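Student: Per Swiss-Prot, active site, charge relay system is recorded for His65, Asp110, Ser204, and the stated evidence type is similarity to another entry. Under the heading disulfide bond, Swiss-Prot lists Cys31-Cys163, Cys50-Cys66, Cys98-Cys256, Cys142-Cys210, Cys174-Cys189, Cys200-Cys225. Per Swiss-Prot, the feature domain 'Peptidase S1' maps to 25-249. As annotated by Swiss-Prot, N-linked glycosylation site applies to Asn103, Asn117, Asn121. What Swiss-Prot lists as signal peptide is 1-20, and the listing cites sequence analysis.
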Amino acid sequence: MALIGVLANLLILCLSYARTAPDRIIGGLECNQNEHRSLVLLYNSGGFFCSGTLINHEWVLTAAHCNRENIQIKLGVHNIHVPNEDEQIRVPKEKVCCLGTMNCTQWNQDIMLIRLNSSVNYSTHIAPLSLPSNPPSVGSVCRVMGWGTITSPEVTYPEVPHCVNIQILHKELCEAAYPILLGNSNILCAGKLLGDKDSCKGDSGGPLICNGQIQGIVSWGGFPCAQILEPGVYTKVFDYIDWIQDIMAGNANVICPGDNF
């Protein structure tokens with residue numbers, strides 16, 4: 001009952017604010033080319049399907065449900081139809097999920113590391129994103145980005161990545177919207193209570209960036225996207241720091257963080 005009261009009060013506050021707030025498209029506005037140097041495009045013969053984040057010369061972080069056959073990774077992309085001079089293409093040398101490459105799952109432990117077949121050269125449009133030093137606090141304003149649809153439920157895929165600011169919300173808000181999350185501690189709940197800003201179809205695997213660090217990985221949410229009291233669900237990267245660092249260091253017998261999901 002207490003949670004219902006909190007949700008009701010928050011909704012009233014947001015509705016009062018909405019009278020003066022302009023409408024926004026899903027995904028916000030076109031990203032500045034300088035702000036998504038770590039963002040990578042995942043595609044195969046079927047076309048683009050996910051994003052990911054470059055975290056060093058050899059490794060990309062993305063969502064486990066983005067696992068596909070014959071993945072190619074394109075770095076340094078802005079307009080998908082107009083190549084940058086410093087674009088680079090890599091393929092996976094190794095893919096690592098919490099439950100093994102053959103057991104990547106869409107909802108639980110939605111995180112995957114891709115080791116690239118050769119080292120990436122940093123350049124004007126290519127640079128890594130830092131891993132988190134601390135978890136984000138509720139209320140933090142963070143930025144999500146990707147080439148996902150900018151309309152919903154109809155889909156409109158842009159040629160350039162879009163960026164939008166959203167907030168870290170209480171996990172209980174996501175649990176209220178999606179009861180399947182009860183007991184899962186390895187997620188972040190982020191968005192806007194009014195639902196006017198959100199990640200959406202095609203943004204999967206991309207970063208949620210807070211203070212210059214990757215704090216979340218786009219995982220899933222309601223559809224149509226950007227609905228009232230239906231925030232996005234993001235993999236909480238901070239909970240996987242030890243796992244990520246152990247994998248990149250080549251340590252054996254790596255244990256993924258457990259949960260009760």
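Even glycines carry a Cβ here, placed using N, Cα and C.
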Student: Take the Cβ of Cys163 (disulfide bond) and count every other Cβ within 10 Å, whichever protein chain it belongs to.
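Tutor: If we count other Cβ atoms within 10 Å of Cys163 (disulfide bond), we arrive at 19.
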Student: Need the DSSP three-state call for Cys142 (disulfide bond) to compare against my parser.
Tutor: strand
Student: Look at each of the disulfide-bonded residues, Cys50, Cys98, Cys174, and point out the one with the fewest other Cβ atoms around it within 10 Å.
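Tutor: Taking Cys50, Cys98, Cys174 as the disulfide-bonded residues, the minimal 10 Å Cβ count falls on Cys98.
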Student: Helix, strand or coil for His65 (active site, charge relay system)? Use DSSP.
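Tutor: Note: His65 (active site, charge relay system) is helical by DSSP.
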Student: Counting across all protein chains present, how many other Cβ atoms fall within 10 Å of the Cβ of Cys210 (disulfide bond)?
Tutor: 23
Student: Would you identify the secondary structure of Cys200 (disulfide bond) according to DSSP, in three states?
Tutor: coil
Student: Could you say whether, by DSSP, Cys50 (disulfide bond) belongs to a helix, a strand or a coil region?
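Tutor: In the DSSP reduction, Cys50 (disulfide bond) maps to strand.
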Student: Among the recorded positions listed here (Cys31, Cys50, Asn117, Cys200, Cys225), which has the Cα closest to the Cα of Asp110 (active site, charge relay system)?
Tutor: Cys50
Student: Pop the Cα-Cα gap between Cys256 (disulfide bond) and Cys210 (disulfide bond) into the table, whole Å please.
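Tutor: Cα-Cα, rounded: 23 Å.
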Student: Translate the DSSP assignment of Cys31 (disulfide bond) into the three-state scheme.
Tutor: coil
Student: Could you round the CA separation between Cys163 (disulfide bond) and Cys142 (disulfide bond) to a whole angstrom and send it over?
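Tutor: That separation, Cα to Cα, works out to 10 Å.
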Student: What is the nearest of the disulfide-bonded residues Cys142, Cys200, Cys225 to Cys189 (disulfide bond), using the Cα of each?
Tutor: Cys142
